[in-house]
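Data first, discussion second: the structure below is written as structure tokens.
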Amino acid sequence: PSTFLVVLRRVREAENYSERCRPFILIEFINPRAPSLKRSLRTAPYCFRISFSISFRIDSGVDDVEIPRSRLRDVNCQRNRERRARSSRSSMFNQSNSLRTATSNTSNPMQDFEVVSPPDDSVSSLAFSPASIPQNFLVAGSWDCNVRCWEVEQSGKTVPKSMQSMAAPVLDVCWSDDGTKVFMAGCDKTAKCWDLATNQSVQVAAHDAPIRTCHWIKASTYSCLMTGSWDKTLRFWDLRSPKPAMTINLPERCYCSDVDYPMAVVGTAGRGLIVYQLEGSPREYKPVELSLKYQYRCVAIFRDKKKVPTGFAIGSTEGRVAIHHLNLSTKENFTFKCHRTNGTPNGYQDIYAVNDIAFHPVHGTVATVGGDGTFGFWDKDARTKLKSSETMEQPITRCCFNHNGQIFAYAVSYDWSKGHEYYNPAKKNQIFLRPCYDELKPKATP
């Protein structure tokens, strides 16, 4: 029937109950138009009544909530349920992680908030706006040659604000320190500055090959844009000049980089890894050799408890991450495996690339995303895993945190690791937002 009363009854026999037995749910359909029900329903077209034989547990996705028999009660009508849900969602990014509103399905198994109007091709870069502006804005670069910007509201709703295009696929994006500009770099060998106030973009950098990375540097004596390219150079740009203020030659093509003043780390083809000192003027600090045996794919700088950059994490195509401290004993350095299957009966294991790494700005814990379609949260100091996600329909290509660590954004799209024959145009590209502050807290030591 179009309108009905659903009576849910969770039954178990207390004396014969076993954890191996699965209590059943009895669903009955009753016509609410009956005179005995009209008075209780009043103007509400739908109503739920939940009754319990002894007790039952609700799996909220985070914690189990025990409801004893003494608290059995009728649930309000659907209209009131929706009103309360809207009220709860209004502060969702400042509350616990149990707040979920998205519909559970195979494309969103974590029931996170989905960004509207996603890119038309694989997502290559994600970046949240800095703490210098009160709102949360998210920008994403894509292989569809566009950079999109959304405003993220406290309710979890995303509002598309604007879009800029480049002549070729976009490979990286970053923000200026004041949050007024977005820089975008890509396969057309240029980098552009997008002024959000005027919605205009101008070219500010150029290389002889595609630009793989871009980072804004805010120093005490200078500000500049750092670009790393497949032309084997690292260049620093004063936005007032069309020529680079400085060029540093790299041993190979730039594949990944990160900047947290006064440190920069660049990973190249051939497993090259170089740390740069940015204070005063950019210069090489030292090259670093790691025990990783396969190509580096992503790198992220971490800070110590005094909020000073002291090391980095780097992910490889082998499903392994290396944690490296620059000035501490080598005993503090280690690697850990991730983004792998648990194994098969024949003893083989599927291994996927670590596509991106991001450190939580408050807790200092770390998130990794991979080609297996999962994300993981880790405590590098305790060397423990905090959380593993369900598997998405496609790989997760990029991730980032907002400035206060309340929101974790991750992009689900094909990473082309299996070639064109595994590309499925029917699967759409998605960006999800997850309230994550509590999930990234280090576990208390006994």
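Any Cβ shown, glycine's included, is placed from N, Cα and C.
Taken straight from TrEMBL:
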- 78-112: region 'Disordered' (REGION)
- 88-98: compositional bias 'Low complexity' (COMPBIAS)
- 99-110: compositional bias 'Polar residues' (COMPBIAS)
- 116-160: repeat 'WD' (REPEAT)
- 163-204: repeat 'WD' (REPEAT)
- 204-247: repeat 'WD' (REPEAT)
Inset, instruction - Calculate the per-residue pLDDT averaged over the repeat 'WD' (204-247) and state the result as an integer. - result: 97
Legend entry - Helix-strand-coil residue split for the repeat 'WD' (116-160), DSSP-based: 0 helix, 23 strand, 22 coil
Inset, instruction - Sort the residues of the repeat 'WD' (204-247) into helix, strand and coil with DSSP and give the three counts. - result: 0 helix, 25 strand, 19 coil
